[in-house]
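**Student:** I have a structure here, written as structure tokens, and I will follow up with some questions on it.
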Amino acid sequence: MSLPGNPTRSSEGFCYNVENDNLVTGLQTDAVKVSSSAFRSYYDAIVIGAGFTGLVAARDLSAAGKRVLLLEARDRIGGRTWTADVGDHKYEMGGTWIHWLQPHVWAEITRYGLATGLKVSTGMSGEGEVSYAREGAAGFVKERPELSDQRLLPLMAQFLDVDGCGGRTLFPEPWLPLKSVDVWRRWDISLQERVEQINISKQDRDFLLPWLCINTCAAASESSFLNLVRLYALSGYDYNLFMEICGKFKLKNGTTGLASAIYSEFKGQSIFSCPVKAVKSTTSGVEITTRAGDVFRAEQVVCTIPLHCLSDIAFSPPLPECFIKARHANIGGKFHILSSTPIAPWFGVNDEHHSVCAAFTESPASGGGTHLVSFAVGDKLIAQQDVRHDPMTYLRAVQRDVVPDSVHIRPVQLTWHDWARDEFSRGTWASYGPRQLSKGLGELMMQTYHGHRVVMASADWADGWVGYIDGALEMGKKAAVTVNSRLDSLTPQSHI
């Protein structure tokens, strides 16, 4: 196991140095772990995937005395969430922000004594300025957030108020979203459809849409209204609080610090760089075959493979069709920019018709520079070309699409993980399209038990914070309880 403060290099992640025109592939991280050296012939449970869902499921099952094997396709823990060490800075390559109003992640943060180690992303601090495209002219409006809020918050309230109650009747119990399906079914529409329903001017519509699409990195016509309402309900029906939960607070020592703390309590065996090829359930157990041809057997399996990758695995019996056909809309990208210039706290947005939909300051950098993070729309520049082949084109797109003239960015470094082209993710955080919750996604959420031996668990179909770290932990904890109960009900096995 890698020790804290002694990172090893993952095969993943990219860092481009502008001055040297040099691209580094594979970044330093504490997330890389060493595989076990000895294995059993039979396990009580096999957990597929060492993201937060798999880590907490494996930890909880092993803590209950169960014999557990953890299989991970990558060379590291964390899944779509990991922290890279570049220079003297920790970059969150995937999932980042957490909040005390997210119960599952905050329970883990409290458990490991990490609550005092939070950082604020400066662009979300409320102490800087925000910018958005100027109406009917080139350039951007740049102003204090309280000024933009005077226009944005009434529009957002009108947008969300489909019931005369601020949207509160759609998900009165936000952690049980399917319970109120008869209420919200008619509202399973796109963000674009909902915007066109409300009586606002074209100027207000153009102003509102970018603030909606930054949470999907996709076109408004491809993004679900209900997906936003679910998260809004979990945020106490407060839009500014929702934005705070989604983007203000992060762990000072990185999400890999939390993942490593969970992994340190796991008492089973683990194998990394071990993609699974097939999952076969029989009357006597489950047989897992890896791409390398190794076979492992267990009574139960927790499968945490992301939604977009499930079709790569041969399940026997086959998964329900909804697991294969359901898709979320977020194929966007996250890119960290190091600027050599000092930049005051700032948050900028633009609409879905641009390659970059948002950028904001993260923190001051050593030497007087600034760390920023940017988000790319999934079907624009990053879909048309691999950023590795021409990083400067992306950096120019950031400047063109979201940066006002008064924000002086001089990029010297670009750091990212290409989640869209990653065969073990094929996208970023799950943010669904219209008519998904009432059909494919809803069906999937009701069929997470695949027979009596396989539990399907992922943040991609969480009941609560779908697509977030909290949702991943929720699903892992629930899967562990289910599998542990099943195992406890069995006659003691003779397997060794």
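The backbone N, Cα and C atoms fix where each Cβ goes, glycine too.
Please treat TrEMBL annotations as automatic predictions, because they have not gone through curation.
Just lifted these from TrEMBL, have a look:
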type	residues	note
DOMAIN	52-483	domain 'Amine oxidase'
BINDING	THR53, GLU72, ALA73, VAL276	FAD binding site
BINDING	PHE375	substrate binding site
**Student:** Which residue among the binding-site residues ALA73, VAL276 has the fewest other Cβ atoms within 10 Å of its Cβ, if you could check?
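**Tutor:** ALA73, out of the binding-site residues ALA73, VAL276, has the fewest neighbouring Cβ atoms within 10 Å.
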**Student:** So what sits near GLU72 (FAD binding site) in its own chain, CB-to-CB under 8 Å and at least six residues off in sequence?
**Tutor:** GLY49, ALA50, GLY54, SER270, ILE271, PHE272, SER273, CYS274
**Student:** Between VAL276 (FAD binding site) and the residue listed as 'substrate binding site', what is the CA-CA distance rounded to a whole number of Å?
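**Tutor:** The residue listed as 'substrate binding site' has its Cα 31 Å from the Cα of VAL276 (FAD binding site).
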**Student:** Using a Cβ-Cβ cut-off under 8 angstroms and a sequence gap of six or more, which residues of the chain neighbour PHE375 (substrate binding site)?
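**Tutor:** Same-chain residues close to PHE375 (substrate binding site) (Cβ under 8 Å, separated by 6 or more) are ILE214, CYS217, GLY332, GLY333, LYS334, PHE335, VAL356, CYS357, ALA358, ALA359.
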**Student:** If you draw a 10 Å sphere around the Cβ of THR53 (FAD binding site), how many other Cβ atoms fall inside it, taking every protein chain shown into account?
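**Tutor:** That number is 32.
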**Student:** Report the largest Cα to Cα distance, in Å and rounded to a whole number, among the residues THR53, GLU72, ALA73, VAL276 that the record lists as binding FAD.
**Tutor:** 17
**Student:** With DSSP assignments reduced to helix, strand and coil, which class does THR53 (FAD binding site) get?
**Tutor:** helix
**Student:** Write out, in the order they occur in the sequence, the residues of the chain not among THR53, GLU72, ALA73, VAL276 that have a C-beta within 8 Å of the mean position of the C-beta atoms of the recorded FAD site.
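**Tutor:** Here the non-site neighbours turn out to be VAL47, ILE48, GLY49, ALA50, GLY51, GLY54, LEU71, ARG74, GLY79, CYS274, PRO275, THR304, ILE305, PHE424.
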